[in-house]
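Here's the structure we're looking at; comments come further down.
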Amino acid sequence: MSSEAGSDGSKPDRSGTEWGDRARAGLARLVEASAFERALISLAALVLSIAIGALVILAAGRTATCETAATTYFGYGFCYDPFRVYDRLFLGALGNPINPLFDPLHGNFAAPFTEGWTPFNDRLAYTLTETTVLVLTGLSVAVAFKAGIFNIGTQGQMVIGGLASTLVMLALVPVFTGLATVALLPIGIVVGAVFGGLYGAIPGALKAYADANEVITTIMLNFVASSVALYLVREQFKDPDSFSTKTNDLPAGVEFPQLLYAQNTAFSVVALLFVLALVAATYYLLRHTSFGYDLRTSGLQAAAAEYGGVNSARTIVASMTISGALAGIGGTVYVLMYYGYFQPPVPSYGFDGITVAILAGNNPVGVVPAAFLFGVLKSGAISIQTDPNVTIPIQLVGVLRGLIILFVAMPEFFRLVGKRFTDAGRRSREGGSRVADAVRSDGGVAGGETDE
Amino acid sequence: MSEATADAGSGESTLGNTDGRLLIAGGVVGAFALLFVVGTLFPDSTVGTLSYLLLQPGPWSSMLTLAVPITLAAVGGIFAEKSGVINIGLEGLLIISAFTAIFAADTTGSLWVGFGAAILASVLLALVFAVVCIEFRADQIIAGLAIWLIALGFAPFAARIVYGSPNTVSLTNSVPAVRHAGIPVVSPVFQTLSTTNALGPAQALFRASPSVYLMFGVVALGWYLLNRTNFGMWVRASGENPKALDTSGVNVHRVRYAAVLLSGVFAGMGGAALSYNIGQFTGSGQTMVNGKGFIAIVAYLFGNYNPVGAMLSTFLFTLLEAIQNPLQTAGIGVPSDLIGTLPYIGVIVVLALVGRTRIPEAAGDHYETGEDR
């Protein structure tokens, strides 16, 4: 039954590879879970990752050599203390708001907040700078995932967008002199969006019209983007006055205005507000426009959407273009906030964006807290580095990132655990998953072996 | 009824794929022929230099060496995907085994122990992936990405702890080429053949390190296992029609576990071969694996799940990489950054031309045995 819908529609109608279809079925399953359940699963995944991360820290602490043990458990000394590592990681990223003397468990009721702590400290500024870029890359991935497309290429789209906007802005500097310099900023953002969007449209078109699997093409395009960027900056547009491989500096006026936070920090509240406005716009686009409806139904039920008159090829290309455009803006914002010039390689915001989007359940609004969490992890990694008492390598954050994705990918695990605790909960959830299965088999997913 | 329509659909797409493959294979052969003809006619031109280079054993030697990790991972990936589990985490398996090989060999001083430890590490990570996918019904693509990201974070993390930098130390001992290994009879014969100029590029076949012959062995073994044994039949059935396999009394989950763990074994060999070849693990950026696991996936898709086909398509990609250095030395002026993108662009072009491969019917789907409900 189900395969008929796919086969008589012949090739061009089938949106993408069979891999894609199966992936979409998986995504559909993820989306079926209610927003509350999703949030719960994300939270549980986070807690579990932190717990396993603690074991990794302890194990690493046994392997490493140090003069004095940082902590002792069960008679064994460990070089790294997970509590201290996580303390630095999470509280360090906020600028140490908690007074170390505040310890209600041991009867010390000092003031809970560190004296002189304000939310405008430099550490938190860095956290929020990271968050600003991560919201954009997370949003980029989430839009594509919503349409059922695994855009792993946000990193490459970000590189291309950031480089293109930098080069165009630099080229236009002689034209926009004096007060007109201000105009370069919006131009740069538009150029970043256009180039990122075009670079995203390539795998979109390959998927829509040549059935090329987007997971592979986007990963390959990431490698191409970083090599091309390195070549262009090194051989064609290198700053002649600098030893490092970077472009010329943008003029002083081309930046997001800085308010509230110190001038020496990279963070700009204006940039964050601009990004949050993009979040709202994306939410509106997905929820309240007919295009957004097409996009979401294609992601949930490609065949059903097709039957309902959605041009799936065009939807794929369009959603990949939007996804790429958001990534391109991310690259531009990164360049403008941090350095004011482009220097390869660009840190892995694109890959972190995947984690952010998966953690957020591909919900544009959920991307904001998820991005903040990763902003905390990245900023906390630096506060670990600067603390002489904690010597753990910051690559730990990469391990945590992988663990979080792994656990978010297996909601079934948490449901099984949940079942053990609540019998009533089991019945209602199982009913729910049955319905989801039924919907899935009607949707023309090839190979209905999982259904009974 | 649905069987019939599904078959018709797959027959059609298989035909389309064969066309795409033949087109590329024919294109490659044609390009080589043209290259040599033009090269012979105009020996001083760029094409002449290129065809001269391709008649030397050097590029072919590096092509074989570069192909080892990709082919081994690809053969592993074939087993996993044929059984119904798309293992997109091959990249992660290569990373973890490349690091473990150097770490264990450096600690124990034995290359053999390092080789075994690399396989063990890769199998353990594959086991995590298998449990998550088979037991907890995780989405295979996302879980595969997680495996990649975990290894991408963990290997440099461990290297930092042990060696103080994302890169390990260089091993003092290395795997000798077979012709230098001092094996009675074999080594002298290989030594003679590897310097017989009459053989032309084929000399490369006798200059290789043992890992290249391991690759040939694994490809042959993989093909035999998959097509000529009961286990291979179960693997294929588990991916195409798990219900039938279940009905005939074979445990589908067990077959899938075996297939995914086997992908861990082969990828582990590949990772060890990769880092042994350099003698060091480099963990900065995308690590030394640098996308080889993903190229492996493309290689087996393009090779239509045939280990031999996967190896040949790997050669296509690695020859593009192998020709880079000689071209640079010969002064043919294309910047190395740009030539470096050729294999990746090649992958994209191949995917675009071949398009959809007929993947196993039930790949990506979770299979629930009857008793559980």
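Placed from the backbone N, Cα and C atoms, the Cβ positions cover glycine too.
Annotation source TrEMBL lists compositional bias 'Basic and acidic residues' at A:425-440.
According to TrEMBL, the region 'Disordered' annotation covers A:425-452.
Residues annotated as transmembrane segment in TrEMBL: A:39-60 (among others). Residues 33, 73, 78-82, 85-86, 359-361, 366, 370, 373, 392, 396, 399-400, 403-404, 406-408, 411, 414 of the same chain lie 6 or more positions beyond the ends of the transmembrane segment (A:39-60) yet place their CB under 8 Å from a CB of it.
As annotated by TrEMBL, transmembrane segment applies to A:124-145 (among others). Tertiary neighbourhood of the transmembrane segment (A:124-145): same-chain residues 27, 93-95, 151, 154-155, 157-158, 200, 261-262, 265-268, 271-272, 275-276, 278-279, 282, 286, 295, 299, 319-320, 322-324, 326-327, 329-330, 333-334, 337-338, 349-350, 352-354, 356-358, 360, 362-364, 367-368, 370-372, 374-376, 378-380, 382, selected by CB-CB distance under 8 Å and a gap of 6+ residues from either end.
Within the chain, the transmembrane segment (A:157-176) has long-range Cβ neighbours (under 8 A, six or more residues past its boundaries) at 137, 140, 183-184, 187-189, 191-197, 199-200, 222, 225-226, 228-229, 232-233, 237, 247-248, 250-251, 254, 323-325, 327-332, 334-335, 341-342, 344, 346, 349-350. For A:157-176 (among others), the entry in TrEMBL reads transmembrane segment.
Per TrEMBL, transmembrane segment is recorded for A:182-202 (among others).
Outside the transmembrane segment (A:214-233) by six or more residues, the chain places 16, 19-20, 23, 149-153, 155-157, 159-160, 163, 167, 199, 202-204, 206-207, 245-247, 320, 342-346, 350 with a CB less than 8 A from a CB of the stretch. For A:214-233 (among others), the entry in TrEMBL reads transmembrane segment.
For A:266-286 (among others), the entry in TrEMBL reads transmembrane segment.
Annotated transmembrane segment per TrEMBL: A:316-341 (among others), in sequence order.
The transmembrane segment feature in TrEMBL is assigned to A:353-377 (among others). Long-range neighbours of the transmembrane segment (A:353-377) within the same chain, counting only residues 6 or more positions beyond its ends whose Cβ lies under 8 Å from a Cβ of the stretch, are 27, 30-31, 33, 35, 38-39, 42, 45-46, 89-90, 93-94, 127-131, 134-143, 145-146, 152, 154-155, 276, 279, 282-283, 286, 327, 330, 397, 400-401, 404-405, 408-409.
Here TrEMBL flags A:389-410 (among others) as transmembrane segment. Non-local neighbours of the transmembrane segment (A:389-410) in the same chain are 41-42, 44-46, 48-50, 52-53, 56-57, 60, 66, 70, 79-81, 84-85, 88-89, 351-352, 354-355, 358-359, 374, 377-378, 380-382; each lies 6+ residues outside the stretch with a CB under 8 Å from one of its CB atoms.
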